[in-house]
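Right, one structure below, let's go through it.
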């Protein structure tokens, strides 16, 4: 029990060694010498409190507030010494404030508990006692064998044991972890890959030794020791064996895996930033104002105490006949009497500190947050999702945002690619209503001649290739043109890493452009969304990719099945920026097909319409389309033998394998013939461009932080308006050393200085960012601040959080907002001042851990420009008004002491002191702060520049604070002396205390009038 308590408090972590030993299926050694390691359970915890720590932890957080702590001290003083007012006057409001705040925070944490329980209570199947047992996710233990079915999310970090495939491979997508939607292939070790049934797995005797949990998603080292027939077989384990929590199983019927990291030790959870209490700028201003008023209070108490002793220096006032001192008072220490009188005056004036300010602010935030959920403009009808508020403490912060950090995949985009255009042999085509239409005439075209169309249709049933103008070609040119188109789309159908889930080929590809057949009968899973879009486009044309095995790729060309032998795959890498395949056609010819960015393909080409294609690629890019170039090379038998031998030598090298492979790839991918280029559209979410432009007009800088590749990220930034075509794009990528990174940063700074007239955009990758933040943080920040837009690509989840923290702690201390949709965005959402979760397609991790959740990025504009604007104006007025009304209320108390010989008599009855802040004055300003709309919402949304008027916390500046404070003092003087001179020397009125009531009601009247008057200013 004591060990458990220490673990919960963080003093005794469950594991101490650098490695962990996991017995699969928890089959521990039978000898008594082994002590099992202790591992945490599989619960995910995003809540702040538990049943046991709620009261002490919540009280600690509440008494960190200046006003609450101050009134606690005053309450204790009233209990210990004789004071002019009852302890109830301080204790009752304090109890009310603490209770209401605790209920509100407890309710919000209860919602987080419910969200956690939904995740932790998800049903899973584990192998126990020779059978499959259904249990809850939170009950998974390290060492358990878990079964996962297709499209299910992994509930823990698992080492793959087997799948429904003989080779033990499976495909997963990690879009919710790193933003990449491509399918990743993971493989099991050969000895466990054959164990495809529960009975076989139950007989497995194996041990996994691996490193302790770490946050790096792409790093895992371990080994599996398998005991077979009294022999131990050792197999290495790497990232390709680890299935991460939060990833989803795709294109595989089922897999079995053993849990190695669970709960808050999974890589997904370790990439969550620890949940900390976020405090808004308004709350920080409130604490500053409270300290100023505390100084005023202490000053008034000191002045009153000094004046009292000055007055009592005269003998007639030291001990008047109506107030004789006791013997104890005469003999008491003067210092103690001075302290006692000072504390008594402190209690008398303590209501200048507005104790109900915090509870009123809490109620305003809590009740005001419902307006976000009720806003129909933030409701997404297609997904039936409305905006959610996970914490109401930051409502006003929505009106102070200066930086927006956004993810790309699933946040700015729908994560759906669509084929739009292509260029084949110098002729540009686009897809219109399921047909390829060429843009403009070909070099040999003329009017009134339809020979091309009729011949093409007659020769190969290729009537889907039509033109807005006619072609005049001879039979030889027609046949050549058909061959070029056929080769282009075969390159598209063969040069990829696409996988197929359901293969139902009957009737597919028998006719051209049967777009209603391919999507419904073939389910493609691609290594990138681009590849999927291209393969689907080729299928609509009539060249359908049917599937592949380890050695063959099958393509149906206009109904005719063709099998290509897959000889080699030259994988994509960021340095080459291309991929290639070497295949053998049914005729026996060997081809190299290459696909990649134009900058990596065109320089390698020696034939084809290079210049025309380059022009077309530029035109595609100007439209915001993602482009790829296709090329090929026919290999002779002698060339292939050399290539095959060199590839084998490089791939089996034990040293410098990557360098040798790069050299071989460079040797192979040369002397290419250009086939053409493709253009696909990464479909943006609705009104993303307009939203980013509105944010820019509001004075908000937008940064895109993504785990995607450099080319993909830049393309989307251009299409969504984050980067303008007229911008000078600066790059800080592929930096290898600190010195190289520093020199590049200095060059970028010089370019910005020299070209200060135009706007600049900065592109930086994760590796270069790590170098820049290591020793050149200031230089990097100077470059970023002078750029209109910044794009960070290939970012790890924690890197996103580090970038936001870097901006937060910069000298300007700007307010930051982060928006994302996946588990890889949780760290930055929690790091930013305000975190927005997009309720997208890849789980709900971001939405659960965010402060606010919306269905689409476009809703961000109304959330900031309307709700943020209103919340900030309302809360700023509420705060200033509270200080104003308390100055009005207590200053007469101070002035009254001059007329009662500083005898510490109270001007107001105790009931007025107790209820003034709680009842008499809180309700009007609360209603005002919930319903006030000083500008029409449509005006705020249509004119984003109005957002600049409230930036930098202007409504709570010292200048505005002094205005309200001086206004309060002046009004207090007016109604105190107004009441005094109005009564004159009417002893009866004074004797009955009427002046006290008149003063109190004048105070209520004037502060209400001030609230109304301020509303019309």
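Residue numbers in this text run from 1 along the chain shown.
Placement of Cβ uses the backbone N, Cα and C atoms for every residue, glycine included.
Annotations in TrEMBL come from automatic prediction, not curation.
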According to TrEMBL, transmembrane segment applies to one of these ranges: 863-884, 885-906. Which one is it?
863-884
I'm validating the feature mapping. Which of 911-931, 932-952 is tagged transmembrane segment in TrEMBL?
911-931
Which of these ranges is annotated transmembrane segment in TrEMBL: 50-65, 66-81, 82-97, 98-113?
66-81
Choose the correct range: of 322-341, 342-361, 362-381, which one does TrEMBL annotate as transmembrane segment? Give that range.
342-361
Please work out the helix, strand and coil residue numbers for the domain 'P-type ATPase N-terminal' (32-90) from the DSSP assignment.
27 helix, 0 strand, 32 coil
Using other CB atoms within 10 angstroms as the count, which residue among the binding-site residues 626, 794 scores least?
794
State the non-local partners of the transmembrane segment (66-81) in its own chain: residues 6+ outside its ends, Cβ under 8 Å from one of its Cβ atoms.
87, 89-91, 93-94, 97-98, 287, 290-291, 294, 340, 343-344, 346-347, 350, 353-355, 357-358
Select one residue from 409, 824: among these binding-site residues, choose the one with the most other Cβ atoms within 10 Å of its Cβ.
824
Residue 407 (ATP binding site) CB neighbourhood, other CB atoms within 10 A:
29
Students should find that the Cβ of residue 572 (ATP binding site) has, within 10 Å, a number of other Cβ atoms equal to 16
